[in-house]
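Taken straight from TrEMBL:
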BINDING   S10, H68, G144, F145, G146, G147, D175, G176, G177, G197, S198  substrate binding site
BINDING   H35, D37, H68, D175  divalent metal cation binding site
ACT_SITE  D37  active site, proton acceptor
ACT_SITE  D175  active site, proton donor
Amino acid sequence: MTRDIVIAPSILAANFAKLGEEIAAIDAAGADWIHCDVMDGHFVPNISFGADIIKAIRPITRKAFDVHLMIAPVDPYIEAFAKAGADIITVHAEAGPHLDRSLQAIGALGKKAGVSLCPATPETAIEHVLDRVDLILVMTVNPGFGGQSFLDSQIGKIRRIRSMIGGRPIRLEVDGGITRDNAAAVAAAGADTLVAGSAVFRGNDSADYARNIGAIRLAAEAGRVPNSAPPARAVETALR
Ligand code: DX5
Ligand code: ZN
């Protein structure tokens, strides 16, 4: 069944000592996509994991792998993430001078292309690449770490990007500090895809994760903007 709201748990908050089991648990708990945060210790002040880990966990679930690259330079690594099994590859608008080229490279590899904006970056940075993207990711914390507090300053940007998207089949994703308490507000502003790390991986098992995902989904659905549903559905269908 196609659902309007997509919930993408970030495995950054998983227990890395049992990463495979954690992915199976969020799969069973109703995660729509698996959000993979790749950090290089250069573009962001933290190091997480790379393409080899993504390749190793790829067989565990059939859910879409939503790969968020917080790395610079990004172009030399796009192909490796495509080969590792990413379905969506998101690059940062701030990661290099040739965003349009990076997005073309992702599309040429047959993957969905995403672009992300840090909190201080205005939405005008992506004005001229809208026809190249399948997903726009608005960072609602400064990228680099899980467990940070949601930045209210991003709500207006989410609303403005929703209006820039118009009728295009682009998903609008939010990432950072998302909980059941702010899910309705981001959905009301126009987000249809919610990443959540610490708010999902709270508790011990798949049943806890299912409750967490369910609460975020319910809140987002309650806040949802009705007229943004058709384009969101089109992209989701394409990804399944
Ligand atoms: C931050 C990452 C996020 C983060 C989300 O740089 O892109 O995906 O892990 O984690 P929470 O939901 O804990 O803020
Ligand atoms: Zn992320």
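Any Cβ shown, glycine's included, is placed from N, Cα and C.
Spanning the residues S10, H68, G144, F145, G146, G147, D175, G176, G177, G197, S198 that the record associates with binding substrate, the maximal Cα-Cα distance equals 17 Å. D175 (substrate binding site) has a Cβ environment of 25 other Cβ atoms inside 10 Å. Figure note: comparing Cβ neighbours within 10 Å for the binding-site residues S10, S198, the maximum is reached by S10.
Taking the C-alpha positions, the distance from H35 (divalent metal cation binding site) to S10 (substrate binding site) comes to 5 Å. In this structure, the binding-site residues that sit close to ligand 2, with a C-beta under 6 angstroms from any of its atoms, are D37, H68, D175, chosen from D37, H68, G144, G146, D175.
With respect to their backbone Cα atoms, D175 (substrate binding site) and D37 (divalent metal cation binding site) stand 10 Å from each other. Across the structure, S10 (substrate binding site) and D37 (divalent metal cation binding site) are spaced 7 Å apart at their Cα atoms. Neighbour density around each Cβ, counted as other Cβ atoms within 10 Å, peaks among the binding-site residues G144, G146, G177 at G177. Across the structure, H68 (divalent metal cation binding site) and G177 (substrate binding site) are spaced 16 Å apart at their Cα atoms. Cα spacing between D37 (divalent metal cation binding site) and G144 (substrate binding site): 9 Å, rounded to the nearest whole number. Ranking the binding-site residues H35, D37, H68 by how many other Cβ atoms lie within 10 angstroms of each Cβ puts D37 at the bottom. DSSP assigns H35 (divalent metal cation binding site) to a strand in the three-state reduction.
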